[in-house]
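**Q** What follows is a single structure, and I will ask about it in a moment.
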Amino acid sequence: MDDVLDESVSEEDLRKFERRYHDSLAQGTVTHGTQFEYAWCLIRSKYQTDIKRGIFLLEDLSKGGNDAGRRDCIYYLAIGNAKIKEYSKALGYTKVLLQVEPGNRQVQTLKNTIEKRMEREGLKGMAIIGGAALALAMTKTATKEVSENGAVKVNSYRDFPSTNHKPAAAQPLFICPEISLMMGCVIIFILASVCYVNSVNGSFVFDDTEAIVNNDDAKGKTPLNEIFFNDFWGTSLNHKSSHKSYRPLTILSFRLNYIFNGLDPRPFHLTNLLLHSICCTLSLVIFSTLLGETRPRLSFITAVIFSVHPVHSEAVSGIVGRADLLCGIFYFLSIYFYARHLNGGSSTSFAISMASCAIAMFCKEQGITVLGVLAVYDVTRSLTGTLNFTNVMKRKDILQRFSMMAVVGVALLYVRLSVMGSSGAPAFQRVDNPASFADSLMTRTLSYNYVYSIHALLLLWPHWLCFDWSMGCIPLIHQVMDPRNLGSLFFWIVMFSAIFKALFSPSLRQRKYLTLGLALMAVPFLPATNIFFRVGFVVAERVLFMPVAGYCLVVVYGAEKLNVFFFRHYKLWILRCCLLAVVMTFGLKSFRRNLDWQDEGRLFLSGLAVCPLNAKVHYNIGKNAADRGLRDVAIDRYEKALELNPDYDQAMNNLANLLKDLGRFQSAEDWLIKAINVRPDFAAAWMNLGIVQALLRKHKDARMSYLTALSHRRKYPDCYYNLGNLYLELERFREAEEAFRNATLLQPTHVLAWTNLIVMLDNTGQSQRSESTALEALALLPNEANLHFSLAGILGKQSQFKESEFHFLSAIRLNPHSPIYHTNLGVLYHRWKKFQQAEQSYQRALTLDPTWKSATENLKLLQKAKHNQFAS
């Protein structure tokens, strides 16, 4: 009998039965005999890892089948455990066999052989105890007869606990061990938080400035109800320039951040981090629900990859990405409650699912697509046969649910379109999405399909991440022979292959995985396809936030299928290392990408490495350089942007402003004229042209430029301010006052307009009106130093020294480093005959700026006056 424990199978036989088993497993047609033959070969292998795998397969088989089949399984389980020196279990199996067949000499011989080996190894006593415990455990729930002496008697192998037999699918065992759902949620939350924790140190970058810093809706400066009638950027949805992006609940979350923390970016980023961690934790719950795992295993790996995927960096590190985070949370909640509805038929769960869909849509428009995902999930869960339209139409319960979801979808679309009003679709520019403006259908089709393949590549290998992909970053495809079409072709070959497998695979498991994975990838991406309407981007990483979930499902299913080839434990480490490498690479890439999003300088430079042909990247680098005072760098980047895109009107406008500051007025005028020729309704360019023309003494042209700017943008306080300056220079004081007043009405905090109005009234002999205007301005802006300074000068001229002193001191308190404030206070004291205080004020002004001429001259006059006074 020692030969039984020592014999080994040939490599050729093992390969043959292995191939047969895995072919059957892939087709979902594994029989009891196929699995048993493969397990029998594994048990006789000389490798312990093979033996352990064989034990797993036999344990699965021992739960079903006839008595003879169970007997063989238990017998070889005894041999297998003995070969790996699990003697306690081996003896337990032999005792089970002998209880049913006390006279079986083959089993008795095996038992004796095991005991002899144990004696040689000094383990007999311990193993006998362990074997007895195992035998008792295996029989305690069986049908028993109790003899007169109280011994337990087992009548048949069928008396042992049994379950419905299914062919063993061993792959999940080796990819990842099972964990509890609660523990998995804790791990995912921590992992997502750690991976993106460095995003908290970021500032407001790129779109954050317009959506939050410059958005009165986000800062609570508009009535609360207005956020439901304005777009994401604070513009009325009915306005022709509106972006039409409608995300009121996201704006509401920004508003709450602002109420508690102002414009401190850290709480904004921290909120994003927490939302992402919650979303990733929910993803584990959803994947477990979709895959039917009560103790996550494959769903845990899927959630891990989802949590660390670098495509999420833009949504987490860019504060405006909160729209995707909030949408993702309620997207998952909608799926979860719909699954609960299917489990228990609860109408409350269905209502919560639909409400979650609505909330998701009001966080970001993409949220409504969850209805399509729910429909696919419903079909895959409710139908066990091949997925086809006929089978769906036969199920009244499915049709009823689809009808209710259709009503919800139509209602949400009606609300969305009603809020948008009659202004129509957003008016994007050609540079935002060049393919959508192409006249040729072939160009549009080829370019769109190539863009789809780029998005798929970012899911597969997110190495080329960029904050903006517009303006020539991806040149249009005009010809079929363009080699980039090979990428599109490969993408569709893979997609159609996956779709075919999802629909017609004989394996229910394969159909389920692929169908759900493809649905989560494709359905949320539909709004970005340009099929239904034109979008304002070429490639956008944020639109992949939900498709990543589907990608992760497909990847993990593919990893499970690879176990067919990595079936041995000594080979399986390759697959495990590959998965670990993917997780670590993605995690490190995300951590590194978060650093790029911490400030605009790094973000824009990172885009240059990915999209060097993108004029907008160069434009943003120039804009950032200009903000930091690096004029030469800014001019160089603007010129490069214009080289790549000669019609880039915003680059022309900004370049002209820099040239104006350098005194190159004629060049600035030339660029601004080009800008308004490209975009005739470019209000800012018209205003800047007016400023340059005023500097060139072209007053008539300047006035017409300002008025043209105001015709394109009626509420333009800066333009009214500059028009007022033009009238002031032309000494048309009434018109200047009207222009300044319009500026302050449109923007009550426009300090320069208030100041110039006050000074103009004072200089034209209207001191009383000047004083009342200054008081009016201070009522609105009590902490504005320049207004206090202007009023102090007016009061000083009227010899109201005490009141003037109060406002001078107020101005100095608010801005103590201005030498002109101290100088004019000294003049006041000088006239007030308070020479000592006057001297101290002049000296403070000179301390701040030793070259301050008026302070020096007034100090000399003061000292001369003191000397004359002393001499007399």
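Glycine is no exception: its Cβ is also placed from the backbone N, Cα and C atoms.
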**Q** Quick check on the annotations: TrEMBL lists transmembrane segment for one of 170-197, 450-477. Which range is it?
**A** 450-477
**Q** With Cβ-Cβ distances below 8 Å as the criterion, list the same-chain residues six or more beyond the ends of the transmembrane segment (398-417) that contact it, or say none.
**A** 246, 350, 354, 357-358, 361, 365, 368, 371, 374-375, 378-379, 382, 392
**Q** Could you give the residue numbers and ranges of same-chain residues that sit at least 6 residues beyond the repeat 'TPR' (717-750) on either side and whose C-beta is under 8 angstroms from one of its C-beta atoms?
**A** 683, 687, 690-691, 694, 699, 702-703, 706-707, 709-710, 756-757, 760-761, 764, 777, 780-781
**Q** Other than its close neighbours in sequence, what residues sit by the repeat 'TPR' (615-648), given a CB gap under 8 Å and a spacing of at least six beyond its ends?
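**A** Same-chain contacts beyond the flanks: 206, 431, 466, 468, 470-473, 600-601, 604-605, 607-608, 654-655, 658-659, 661-662, 678.
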**Q** Treating G and I as helix alongside H, and B as strand alongside E, what does DSSP give for the repeat 'TPR' (615-648) in helix, strand and coil?
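**A** The counts are 27 helix, 0 strand, 7 coil.
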**Q** In the same chain, which residue numbers or ranges, 6 or more beyond the ends of the transmembrane segment (539-558), come under 8 angstroms Cβ to Cβ?
**A** 175, 283, 286-287, 290, 298, 301-303, 305-306, 309, 311-315, 318, 321, 323-325, 327-328, 331, 366, 369, 451, 454-455, 458-460, 462, 465-466, 469, 473-474, 498, 510, 513-514, 516-522, 524-525, 527-528
